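The signal peptide annotation in TrEMBL covers 1-21. Feature annotation from TrEMBL assigns domain 'Ig-like' to 29-119, 129-217, 237-328, 331-415. The transmembrane segment annotation in TrEMBL covers 544-567. Annotation comment: TrEMBL describes 586-637 as region 'Disordered'.
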Ligand SMILES: *[C@@H]1O[C@H](CO)[C@@H](O)[C@H](O)[C@H]1NC(C)=O
Ligand SMILES: *[C@@H]1O[C@H](CO)[C@@H](O)[C@H](O)[C@H]1NC(C)=O
Ligand SMILES: *[C@@H]1O[C@H](CO)[C@@H](O)[C@H](O)[C@H]1NC(C)=O
Ligand SMILES: *[C@@H]1O[C@H](CO)[C@@H](O)[C@H](O)[C@H]1NC(C)=O
Ligand SMILES: *[C@@H]1O[C@H](CO)[C@@H](O)[C@H](O)[C@H]1NC(C)=O
Ligand SMILES: *[C@@H]1O[C@H](CO)[C@@H](O)[C@H](O)[C@H]1NC(C)=O
C-alpha cells in the first residue's frame with residue numbers, strides 16, 4: 001500500500017515536472033475550441049451553446065462578440081471563466097457571426113487571441129402564399145417538350161430541394177426518369193409529353209423540402225392538358241435547361257445541369273473544359289448524378305476546372321449547350337497568420353498571406369489588429385513594427401520579453417468575401433553564447449584549432465548542438481575534432497595529425513546551437529598557413545608523394561651501391577665518364593629542386609626519370625662488373641666484347657630489353 005502510494009507520488013511528481021516546463025511559463029492564450037470557422041443551423045427557439053477554450057498561462061478569460069460588437073443583449077449569456085455562450089431560445093435576432101476572445105495578462109498587458117468565426121444561422125422554411133386563384137392550365141400536344149415552373153417559391157434556409165407531386169393527395173411523388181426531370185430551380189420538365197401525363201383535371205404540385213428541418217411545403221399547382229396525336233412525330237433536341245454561367249468554389253463541388261427536349265429521348269454526353277469527352281459514370285473528378293447524365297458533378301474544384309463545359313443531346317439530330325464554369329473563392333491562404341515563439345533580441349515576422357484564384361483581383365492588403373483592437377500608429381512610427389510585402393508581413397523588431405508578447409489578428413478580403421487569421425507572438429529568453437572561438441583561424445602544423453562554443457539560456461527549451469563541416473552534417477563530430485565532455489571544449493590537435501590528415505582540416509566549421517525556437521550558427525574558418533605558401537605543384541599530387549619518396553630512397557640505395565662498385569673500379573682503372581647523351585637526358589637536379597620546392601620529392605622524381613631514360617650505351621669505354629653473375633643478370637643482350645687478362649670484361653654492350661644499371665658519376669652521388 002505504502003509502496004503504491006509512493007509509486008503514485010513519484011509518477012505524479014514526474015508528470016508535474018513535465019507539465020511544469022510547459023505550463024508554468026507565462027504564455028499567450030492558444031484557442032483550441034473552436035478551431036475552424038463554421039456555420040451552424042438551428043431551429044427556431046432552439047437552445048444554442050457555443051464553447052470557447054484556450055490553453056493559457058495565466059488562465060484565460062473569455063468574451064464573445066457578435067457581428068464584431070460586444071454583446072449587450074439580455075437573451076445571450078456568457079461565462080467569462082468557462083468561455084461558454086448560451087442563447088436560451090434562438091430567434092432571428094440572435095443569428096449572426098460569433099467570435100470568442102481569450103485573454104490573459106502577461107507583464108502589464110492584456111493579451112487577446114481571437115477564435116475563428118462561428119456563424120449561428122436559423123433553418124427555416126416559410127409557407128406558400130395562398131393566392132386564392134385556381135391553378136393555371138398548361139396545354140400541349142403529344143410529343144412536345146413541356147415545362148411546369150415552380151412559382152412563388154417561399155423562403156427556405158438553407159436552400160431547399162424541389163419535388164413535385166401529382167393528384168390531390170401528397171403521397172404520389174413524381175418520379176424522375178429519362179423523360180421527366182426537375183431542374184435546380186424547381187421546374188418540372190417533360191422531355192416530351194404523352195397523354196398519360198394528363199392527370200384528367202388533377203394538378204401537379206410543386207414542393208420544397210428543407211433537409212435540415214426535415215419538413216416539406218406544398219404549393220403552386222399546375223394543370224397539364226395533353227392533346228393526343230397519332231402517330232407522335234419525332235422532334236430534334238432542344239435545350240430545356242442549361243446555365244450559361246456557373247460559379248464554382250475552390251475545394252467544393254459543383255453540379256452542372258443540362259436538360260434536352262426531343263423525341264426519341266436525346267442521349268446526353270459531356271465534354272470538359274479541355275474538350276475531352278467525359279466517360280465513365282464516376283471518377284475522382286466527375287460523376288453523373290442520374291442515369292440519364294443530365295447532372296454532371298465536378299468534384300474538388302480547382303483553378304484548372306475553370307472553362308466551358310459542353311453538353312450535347314443527340315437523337316436523330318444533335319444540339320448542345322455550353323456552361324462556363326467560373327472558379328472563384330474567398331481569399332485562399334498561402335500562409336495563414338499563426339502563433340510563433342521567438343527569442344528576445346531577435347525579430348519576429350507575422351505573416352498573413354492570401355491570394356485570389358487565377359485571373360481574379362488579388363485581395364487587398366490585410367487589415368491588422370493587435371489584441372482585438374486596431375494597432376496604434378506610434379508602433380510603426382517608432383520602427384517597432386514594420387510592414388512589408390504589401391502589408392502581408394508585420395515585423396516586430398528587437399524583441400523584448402515580456403513587453404512584446406502579444407496577439408495579432410488579420411483580415412483579408414476579396415470580391416468573394418474575407419478570411420480571418422489569428423496568431424500570437426510569444427517572446428522567450430534567448431540563447432546566449434558565452435564563449436565563441438575566433439572566426440578565422442590561421443593554422444600551422446602543431447597548432448590547436450579552437451572550436452569551443454559554450455551557450456546558455458534561461459528559457460525552458462533545451463539547447464542542442466549540431467556540427468557542419470564543409471557543407472556536410474555530422475551527428476557526432478567532424479573528422480579529427482576532439483570534444484572534452486567535462487570542459488565542453490572542442491578542438492583539433494594538429495600536432496597528432498599526419499601530413500595527409502592535416503591537409504584535410506581546412507574549411508568551414510559550423511557549430512549550430514539551437515533549441516525548439518532559435519538557431520545560432522557559430523562559424524569558424526580554418527586556413528592552413530603552411531599549405532597555402534607551397535605552390536600548387538605539391539598540392540596537386542598529394543597521393544604520389546609517398547610513393548615517389550620510397551622509390552627515391554630505394555634508388556638512392558642502389559646508386560650508393562653502384563657508386564661503391566664504381567669507386568672500387570676507379571681505384572683500379574679510373575673514372576667512367578658520363579656519356580654525352582646521358583647528360584642530355586638527365587634533368588638538372590638544381591632546377592628540379594627549385595621547381596618542386598620539396599627536396600625529397602624532387603629527388604625521387606629525378607631518379608625515377610633517369611631510370612626510364614635511354615639506356616647507357618657503352619662504345620669504346622670498358623665497364624667491369626664484380627663477377628659474371630651480375631653481367632648475366634643485366635642482359636641477355638648480345639655479347640660483343642671479350643674478357644681482359646685480369647678477368648675484367650671489355651667490349652660493346654647493347655641492351656635490348658632492360659635498362660642498364662643506373663650509374664652515376666661522382667658529382668651526383670655527393671648530393
Ligand atoms: C467570375 O466571378 C467573379 C466573381 O463573381 C467575377 O469577378 C469574374 O469576372 C467572373 N469571371 C468570369 C470569367 O466570368
Ligand atoms: C578558444 O577561444 C576562446 C575565445 O577566443 C578562448 O577563451 C579559449 O580559451 C580558447 N580555448 C582554447 C582551448 O584555446
Ligand atoms: C557550400 O555550399 C555553398 C552553397 O551551396 C557553396 O557556395 C560552397 O562552395 C560550399 N562549400 C564547400 C566547401 O563545399
Ligand atoms: C577534459 O577537460 C578537463 C577539465 O579541463 C581535464 O581535466 C581533462 O583532462 C580533459 N580530458 C581529456 C581527455 O582531455
Ligand atoms: C583547403 O586548402 C586547399 C589548398 O589551399 C584548397 O585548395 C581547398 O579549396 C581548401 N578547402 C577548403 C574546403 O577550403
Ligand atoms: C546554420 O547552418 C546550417 C548549415 O549550413 C544551415 O542549414 C542553417 O540554415 C543555418 N542556420 C541559420 C539560422 O543560419
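Backbone N, Cα and C define each Cβ position, glycine as well.
Across the residues of the domain 'Ig-like' (29-119), the predicted structure has a mean pLDDT of 96. Mapped onto DSSP classes, the domain 'Ig-like' (331-415) shows 4 helix, 38 strand, 43 coil.
Secondary structure by DSSP for the domain 'Ig-like' (237-328): 3 helix, 54 strand, 35 coil.
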